[in-house]
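Okay, structure first, notes after.
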Amino acid sequence: MIPALSIENLSKSYDNGFEALKGISLEVKQGDFFALLGPNGAGKSTTIGVLCSLVAKTAGKVAVFGIDIDDDFPAAKKCIGIVPQEFNFNHFEKVLDIVINQAGFYGLPAGIARQRAEKYLRELGLWDKRDVSARMLSGGMKRRLMIARALVHEPKLLILDEPTAGVDIEMRRSMWDFLKKINAAGTTIILTTHYLEEAEALCRNIAIINHGKIVENTSVRSLLKRLQREVFIFDTIDELPEQIPVQGFVARRKDEHSMEIEVEKGQHINEVFAQLDAAGIKVSSMRNRANRLEEMFVNLVEGGA
Amino acid sequence: MSPAEQYVAFITILRKEVKRYTRIWPQTLLPSAITMSLYFVIFGSLIGSRIGEMGGFTYMEFVVPGLIMMAIVTNSYSNVVSSFFGSKFSHSVEELLVSPTPSYVILMGYVLGGVSRGLLVAIIVTLVSLFFTRLHIHSYAIVIVVVLMTSMLFALAGFINAVYANSFDDISIVPTFVLTPLIYLGGVFYSMDLLPDFWAGVSKLNPLVYVVNAFRYGVLGVSDVSLTFAFSMIGGFTLVAFFYSLHLLRSGKRLRQ
């Protein structure tokens with residue numbers, strides 16, 4: 001099957017000599033939910049910029065659903081919907097006009113444009129705000145407006161650059177549900193995010209980019225399997241002694257009722273519970289100190305993995 | 001994009017532009033009506049009555065075509081420069097750049113938006129002028145062609161200014177320091193016959209001289225310059241501005257990285 005996105009040796013050098021992309025290659029399968037992760041300045045937004053023609057590549061090949069952007073960029077653009085990181089609509093236009101105009105830029109006749117705009121504004125909970133000037137919307141609503149705008153021409157590939165930045169937890173969860181729904185309906189999704197919990201919850205495959213190079217490109221599951229060590233925080237009902245009564249694990253007392261315990265790959269967390277139980281310490285809750293993917297991400301971008 | 005899709009995209013941009021300037025009509029349409037009324041009162045009625053005839057017409061009849069053309073030039077220019085720079089500044093131009101809309105459709109959408117405002121203001125100013133003088137049209141064909149070509153030329157000039165502008169100051173520099181002096185020295189208020197030979201020769205380097213005189217010929221049937229030469233100049237400048245604007249859009253200069 002033709003991949004939704006194929007990138008080969010993509011490079012971008014700016015006039016000041018800065019190399020934002022150093023020959024990256026990656027492939028995203030049709031129907032995938034794909035995460036592109038990396039620290040600030042790693043090259044994520046530059047990659048997305050090339051895909052939507054806002055950044056001119058220096059070298060390399062990019063094909064969207066088999067359409068080479070050098071051969072027929074307009075046809076490739078029809079397959080792509082972009083949700084950028086920054087709000088890039090006219091804040092003085094009405095919500096409905098913004099979405100309908102975008103449909104017009106893709107050549108959709110007025111009747112279809114209106115129907116689609118209503119469909120996506122309803123699905124994203126913005127229909128009641130259709131006649132409101134965009135500047136009056138909250139941050140979360142503005143993000144949803146950009147998603148509705150990106151979907152109005154019903155692209156086969158949706159690219160979201162930090163779609164949930166600055167969005168409250170409840171709103172983020174509802175956006176996740178919406179994205180899962182459209183992915184299940186067949187839209188390929190590429191997501192960049194700083195919330196690694198988001199990538200872990202939504203994405204099947206992942207590429208990590210750092211200093212303009214792809215340092216990892218695999219499935220989320222296989223990446224997590226390679227995690228060598230996880231740190232858990234245990235909250236206890238009983239007061240903890242100065243010396244944590246857990247042998248064979250690195251354990252640190254945080255305060256009277258909480259401690260951190262490192263669990264290496266191959267060790268079993270049951271052993272920790274058994275030892276705590278034997279010492280008469282009851283655990284009220286346990287959680288990861290950081291998101292598992294975050295641990296892996298830090299290892300990869302710091303060159304430790 | 002198919003031709004039908006391109007047409008939809010073009011109409012969308014044009015409609016958006018018309019909606020923009022009609023929504024803020026007190027800033028876009030009203031000022032020209034007020035300013036031109038003042039010109040008609042001061043230069044036409046009060047001072048004009050003391051000047052007497054100019055080029056064989058009353059001074060009011062003489063200045064009306066130039067003032068209408070002045071309104072067309074400034075409005076078609078300022079519509080595109082402020083709209084396109086505004087969309088560049090707010091990044092909403094990216095809505096168009098990421099779409100499959102061809103560059104020439106984007107350009108024509110913005111330019112025709114500017115032309116439409118120029119025409120609308122021309123109609124308003126012409127109606128206002130009827131309170132002060134009777135207007136005889138010598139050639140409707142010449143009037144229409146000159147108005148369309150001129151508004152297109154200055155809409156394109158506004159587009160080029162918008163592409164190069166980095167700040168809101170940059171979009172007011174050209175109208176203030178270039179366009180306004182050229183208009184005032186372009187024969188709006190006087191006939192070239194009044195100038196000494198040297199300054200009449202210098203004036204012929206001013207493109208506004210051809211625009212004003214071609215339009216005055218359409219209205220009054222008199223011109224200080226050859227009509228053929230005037231049309232050649234306006235047409236030539238329009239073509240150069242069109243292809244240069246298209247080059248700017250296609251190359252993405254100051255729009256893409």
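Using the three backbone atoms N, Cα and C, a Cβ is placed for every residue, glycine included.
Here's what TrEMBL has on this protein:
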DOMAIN    B:23-252  domain 'ABC transmembrane type-2'
TRANSMEM  B:24-47  transmembrane segment
TRANSMEM  B:59-85  transmembrane segment
TRANSMEM  B:105-133  transmembrane segment
TRANSMEM  B:140-165  transmembrane segment
TRANSMEM  B:171-191  transmembrane segment
TRANSMEM  B:225-249  transmembrane segment
>> Can you see whether the transmembrane segment (B:24-47) and the transmembrane segment (B:105-133) are touching - at least 3 CB pairs under 8 angstroms, only pairs 6 or more apart in sequence?
In response: yes
>> Quick check for me: are there 3+ Cβ pairs below 8 Å between the transmembrane segment (B:225-249) and the transmembrane segment (B:59-85), leaving out pairs under 6 residues apart?
In response: no
>> What residues elsewhere in the chain lie close to the transmembrane segment (B:59-85), defined as a C-beta under 8 angstroms and at least 6 residues from its ends?
In response: 17, 20-21, 28, 32, 35-36, 39-40, 43-45, 47-49, 51-53, 93, 110-111, 113-115, 117-119, 121-122, 125-126, 129, 132-133, 135, 146-147, 150-152, 154-159, 161-163, 165, 168, 170-171, 174-175, 179, 183, 186-189, 191, 208, 211-212, 215-216, 218-220
